[in-house]
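Asker: According to TrEMBL, the feature region 'Disordered' maps to 1-33. The compositional bias 'Polar residues' feature in TrEMBL is assigned to 1-14. According to TrEMBL, the domain 'WDR36/Utp21 N-terminal' annotation covers 67-369. Positions annotated as repeat 'WD' by TrEMBL: 199-221, 621-662, 720-751. Marked as domain 'WDR36/Utp21 C-terminal' by TrEMBL: 841-1052.
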């Protein structure tokens, strides 16, 4: 292989560093694209049981159970006693997807492998979330393991056509069991108590093969009673000895006596070949059967084609005891990609608790404790997530008191008709916003009963939820928290049909709904309580009766705006549900007639009007001709901005509903969505030509155009967002690339290519995280922003420099947290920008510049006498009246036995405090300052550079040292040092540098040597030169400021 050849040749070279430098110099561009520069993978949230790999449970002592599920390439372990709290996530993640898992003692085994025959495969052993060992594999293994089984001295792995066997003591591969024909294993394998070294394998032809693992021989085959039973779909040993439950593809479940090879019980599940039983479990606590539930013999069955669990009483010939309808969501028939069905059911050993996992990404526990006795359990614990890819994401904004600040919460909506709130700090706080008691409503409608309505295939639990969410908006400024509107309130009442006076609790309430959502194919926009995590009271209907396309909430949190597919915009009050405004404003009959007359007159005057004059709009004009795809409200509730598929951006008056301004891009493009950044008053609009246009709402001008590709018609923007500071625009496109644009320069500064298209993205308010979702995943991927901790180059990159990267994992392996991102110092991160900005203390000699000296230094220099007087002790320190008991008395000689060991004196510190300046330090500072003065005075042709070393040294001194340096200037004739010091300050003033520092030094100089200066004529003349220079600079700056004020005033007062 080429890679091996390169490695061997590289290893023969004597200096490895030289090779690294050569690669960096020749392939510098390739090294930069190894990974994105701004965002790095962190972790994935929202995954519980998204795959069809069954969970595995094991007891932990006598108090609790641990349940382990697969989330792709790692396992998650939950503790039952803690309410299914997540306790372990396995690391490292497997190279390929996990295909089977099982618990064994205090360890968990996970089999993994790829889809192709040549893909890598393996079986790893984990303990407390860490890999501790792995099983030895046979040389040629081309099939994935579908089921793992551990019993006695054996570990059994069931593949599609063969069975692999290992020894549990040494983890060495023992043998491979092959069938006598090409019969596939369809029902998995199981073992039975008292059957030593025996396993039972369900075959595709309906037979049960019994193998002896020790000898590796097929010892017996159990044949089905009839040939139309079909393949074996599930096997489970019963609690009674020698009894085995067998489920067939045609529907029946058979209890078979293995010892006598006789069918003793057949249960007609009422299912067809389309929904065979795929999981069987027996209750082991000796209860649940009979009329009073005090007998043994309860069996539970489920299948992957629906979400129901059926309970059977096996006493007296067997009968159906009850059905737990809707335990998990069934597979959706309306939309593709929505998971459903039950992957496994299991009664916990010796407990009245049932555990179920579904393909709807959920794990649930049920308990039988209802009184009077009920064969149907109630829900005990539940952990779940989205069952379909996420379509909308939004970080929760900060409320008025900042309680939810910091990017803690993330809202997500999916095609599975659910709305979730995810906590990025603690997974246990994540929750789904309730849509009411769905199961209670289903029972009233007969969906969960055994009546005639349950036979109607068109009625299911999915239809009782709101349609899938397509857009949402949120504002927490008026969210009442958990106590908002206490008591029972209706869910999603049509606000247009609500009549009568408001109730007392609504009048006195302090908060109301804070989230508004639009739904697919629905003309109603629905409200939600974020604090109460439940559905709200109102369902707002569009004014023209068309589908909701966009929603917005005012920054005050009081008004909700709804945009329709027909071009209408309606505003509602979230507190009362009353319709408040329509954009454009609604006309009365008289106003409509008057408007028609004005339009006819305007047509007659069209020729005489100035074509460059701004167009004026009257009441009722300006409605969008196509769907409204975006609505935002400015920070002061003055302007409403809307965009539509008609290619227009409209600015409306919030109070009157009048159209103020319009930007028309038709027929160049059609606008698909809009986002608003409040601090900078910028809106970004995604267009169908592949561009993102940025508009300033103050000037109403286009400021940036960001193109995703050179071919404008090939790539479309799926979703985009602003960064928290408004400097970046992050976009996700149909080419699976996430791009980061720098608004000040308009450059593409970073990009990363994912393995599947991104469906939604959001940026946290604190700038810490970027959240993304993908088409092939039900989780939410979290990325870390590295610019918070390290310098990242912001040069422009081309499409060829885009890096390919894997999405974050549930375990967080391969990603970077905040600490890792801060200390990571790879070569790519230390790459410098192409443009360097020099660090200079003066940009131009025509600009008066302040110094780079800290403000505290020159300010304290002016008030040093006051500071010294304030810090002077009020009284002398007093000796201690009585020494502590552990110190010897001064009158007694020290005890040699208790004498302390002489401690050597510490080395003098290299750090000297400015407030405790020693005489030697003062002498050194004064000597250096005096030498610079003498060097400047000895110059025959003094210039600006002559005094630079003197003033540079003086600026580096602390306040006390600078005061002493100026104080020790020689004030005796011929006053050479005083002359030199004044000329140095005058020269620095002519250079227009260090203005405030020169003023402070001169103030201290005059306070200390003012009496000497007034007695000498030459010193007075030097001071006059300094004064004239300061006055000249003052007048120059005054003229410039006056000119700037005049220009600004003229611009403000000018009228076009």
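Keep in mind that glycine also has a Cβ here, set from the backbone N, Cα and C atoms.
Because TrEMBL annotations are produced automatically, they should be read as predictions rather than curated entries.
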Asker: For the repeat 'WD' (621-662), what does DSSP give as the number of helix, strand and coil residues?
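Answerer: The counts are 0 helix, 22 strand, 20 coil.
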Asker: By DSSP, what is the split of the repeat 'WD' (720-751) into helix, strand and coil residues?
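Answerer: For that range the per-state counts are 0 helix, 20 strand, 12 coil.
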Asker: By a Cβ-Cβ criterion of under 8 Å, what residues six or more beyond either terminus of the repeat 'WD' (621-662) are in contact with it?
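Answerer: Same-chain contacts beyond the flanks: 549-556, 559, 561, 563-569, 571, 581-586, 595, 615, 668-676, 678, 681, 683, 685, 695, 697, 700.
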Asker: When the pLDDT values for the repeat 'WD' (621-662) are averaged, what is the result?
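Answerer: Looking only at the repeat 'WD' (621-662), pLDDT averages out to 94.
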Asker: Tell me the residue counts in helix, strand and coil for the repeat 'WD' (199-221), as DSSP assigns them.
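Answerer: Helix, strand and coil residues of the repeat 'WD' (199-221) number 0 helix, 15 strand, 8 coil.
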